[in-house]
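Chemist: Below are the C-alpha cells for one structure; questions will follow.
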Amino acid sequence: MAQRVVFLDRDGVLNRAFPEGGTTRPPMTLDELELLPGVPAALERLRAAGFARVVVTNQPDVARGKQTRAAVEAINAKMCAELPLTDLFACYHDTADRCDCRKPKPGMLLAAAAKWDLDLPAAFLIGDRWSDVAAAAAAGCRGVLIDTPFSSPERCSPDHTAADITAAVDWVLKTAAAEATGRTAAR
Ligand SMILES: [Mg+2]
Ligand SMILES: [Zn+2]
C-alpha cells in the first residue's frame, strides 16, 4: 500500500533563512545551520502518525556559482543525521536550466513518490514560498504555506496557511485524522 508522506521545504521551514536583498538566502556553511524552533518535535509527530518525511529543496546558488554543491550536501547530510527524515531531494539548477526538478515543477515530489511508493493524493507539503505550494498542486498534493514577508501567497492557492511548522503540522494531523474518520464512517 502506498505510504502517506509530508513533503517539507528546507530553508525557512526546517532551518533559518537569512533576509538579504529583498529575499532570503540559505545557510552557506554548517556554522550557519540553525534549526527553527519546534522542528524536531514536529517531525517526530509526523513520524509517530505514520507519515514519511521527505525534504524537497531548491538550491540554485550552486548553479549561480554562489555556493558549492559540496557545501550544500554537507548541510543536507547534517540535517538528515540530526532529524527524523525519510529522504532529501535537492535541485541544484536555476530557472534557465529548464530542469524538471526546480519547484514550482513537481519533479522532486514525483521522483520521491516513485522511490518510496508515496500516496500523492493523500500527501501534504509544508513550504514557505508560493513555488512550494505550486509544486504540491502540480503533484496533486495539498500545500500548507508558512506565511513570511517573502512567501508571495497571491501567486499560489494554499490549502492552509500557518505561522510556523508546529501550526502547519497541527493542521496536517487534524486534516488527516478527519479523513481517516470519514473513511471509517463510509464503510
Ligand atoms: Mg523555503
Ligand atoms: Zn533541477
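Along the chain as shown, residues are numbered 1 onward.
Each residue, glycine too, has its Cβ placed from N, Cα and C.
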Chemist: In TrEMBL, D9, D11 are given as binding Mg(2+), so which of D119, D128, D147 is in that site too?
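Modeler: TrEMBL lists D9, D11 binding Mg(2+), and from D119, D128, D147 it also lists D128.
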Chemist: What's the number of neighbouring CB atoms sitting within 10 A of the CB on H93 (Zn(2+) binding site)?
Modeler: 18
Chemist: Counting only residues 6+ apart in the same chain, whose Cβ is under 8 Å from the Cβ of T57 (site 'Stabilizes the phosphoryl group')?
Modeler: D9, R10, D11, N76, L88, F89, A90, C91
Chemist: Find the shortest Cα-Cα separation between H93 (Zn(2+) binding site) and the recorded positions R102, K103, D128, and name the residue that gives it.
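Modeler: Going through R102, K103, D128 one by one, the Cα closest to that of H93 (Zn(2+) binding site) is R102.
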